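Presented below is the structure to which this report refers.
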Amino acid sequence: MSSIKIECVLPENCRCGESPVWEEASDSLLFVDIPAKKLCRWDSLTKQVQRVTMDAPVSSVALRQSGGYVATIGTKFCALNWEEQSAVVLATVDNDKKNNRFNDGKVDPAGRYFAGTMAEETAPAVLERHQGSLYSLFPDHHVKKYFDQVDISNGLDWSLDHKIFYYIDSLSYSVDAFDYDLQTGQISNRRSVYKLEKEEQIPDGMCIDAEGKLWVACYNGGRVIRLDPVTGKRLQTVKLPVDKTTSCCFGGKNYSEMYVTCARDGMDPEGLLRQPEAGGIFKITGLGVKGIAPYSYAG
């Protein structure tokens with residue numbers, strides 16, 4: 001077993017860092033700071049970080065096949081021109097719910113951008129429940145709604161054979177699976193594949209590795225856990241020096257490194273003294289497993 005190394009590669013002080021995505025073409029990590037309305041790009045070679053501030057909370061970002069990026073900003077799916085620091089609205093959801101915003105999002109293997117909504121929090125993980133929905137933005141910019149009654153729409157990914165969609169609604173304390181139709185984007189037959197244990201706290205962002213196992217960041221649990229979605233067993237726990245771990249992705253050379261985002265919001269001064277790296281970007285090496293490249297939006 002190789003020895004696992006955890007380091008804070010960027011002391012960013014994110015209020016709520018989220019949605020890490022590796023951009024292979026630029027050796028960069030994209031991520032967002034939701035309440036700060038910031039989209040960030042960290043160059044792993046120069047160690048420089050560029051930040052763009054939007055006019056509403058930015059909750060997820062993804063690569064786009066035609067260049068640039070797509071992001072969920074407020075309740076809008078947007079296309080981003082990084083150089084011009086501008087966003088073009090592609091679609092808007094939840095028009096009837098003024099207190100809602102998007103949360104986590106990710107592109108599926110067919111190039112659709114899946115993302116879900118939630119009510120704005122009054123404090124971390126404190127919010128009006130059942131207000132969210134799960135959507136996807138198709139390449140032709142039409143939006144499909146899958147279901148509503150969501151608390152905090154969160155981590156999502158697809159099995160390596162593209163037949164299963166994995167999804168987290170945080171306050172269900174469960175990682176769920178659906179049958180998934182790659183051609184149509186339909187999902188069906190929801191079931192739970194893992195229920196979190198008490199010390200694991202709240203399931204947040206998620207990614208899949210090259211062996212088809214799931215990695216889940218546990219908010220307030222200070223860890224990422226590796227799950228086998230077939231057996232429902234936890235295979236590994238990696239603890240970080242911060243409690244509010246929010247999301248994870250693979251990146252770096254051959255996708256052999258894991259990047260983890262975290263949050264500072266909701267921590268008291270004593271907690272921040274104890275965890276000075278809270279809000280930073282962490283890199284985990286030596287996991288002995290690789291990830292897969294992120295999919296790009298096809299529209």
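A Cβ is built for glycine as well, from the same backbone N, Cα and C atoms used for every other residue.
Of all the Cβ atoms in the protein chains shown, 29 others lie within 10 Å of the Cβ of Asp204 (active site, proton donor/acceptor). Swiss-Prot lists Asp204 with the feature active site, proton donor/acceptor, giving similarity to another entry as the kind of evidence.
According to Swiss-Prot, the feature divalent metal cation binding site maps to Glu18, Asn154, Asp204.
What Swiss-Prot records for Arg101, Asn103, Glu121 is substrate binding site, and it gives similarity to another entry as the kind of evidence. In sequence order, Leu127 constitute the residues six or more apart from Glu121 (substrate binding site) in its chain with CB-CB distances below 8 Å.
Annotation comment: Swiss-Prot describes Lys144 (among others) as N6-succinyllysine. In three-state terms derived from DSSP, Lys144 (N6-succinyllysine) belongs to an extended strand segment.
Around Lys244 (N6-succinyllysine), the same-chain residues at least 6 positions away in sequence with a Cβ under 8 Å from its Cβ are Pro124, Tyr219, Asn220, Gly222, Cys262, Ala263, Arg264, Asp265, Gly266, Met267, Ala278. In the three-state DSSP scheme, Lys244 (N6-succinyllysine) is classed as strand. According to Swiss-Prot, the feature N6-succinyllysine maps to Lys244 (among others), an assignment based on similarity to another entry.
Over all protein chains present, the Cβ of Lys253 (N6-succinyllysine) has 10 other Cβ atoms lying within 10 Å. Swiss-Prot lists Lys253 (among others) with the feature N6-succinyllysine.
Least crowded of the recorded positions (Arg101, Lys144), judged by neighbouring Cβ atoms within 10 Å of its own Cβ: Lys144. The residues near the divalent metal cation site, meaning same-chain residues not in Glu18, Asn154, Asp204 whose C-beta sits within 8 angstroms of the mean position of the site's C-beta atoms, are Ser19, Asn103, Asp104, Ile152, Gly155, Ile168, Ser170, Gly205, Ala217, Tyr219, Thr246, Ser247, in sequence order. Every protein chain considered, the tally of other Cβ atoms within 10 Å of the Cβ of Asn154 (divalent metal cation binding site) stands at 29.
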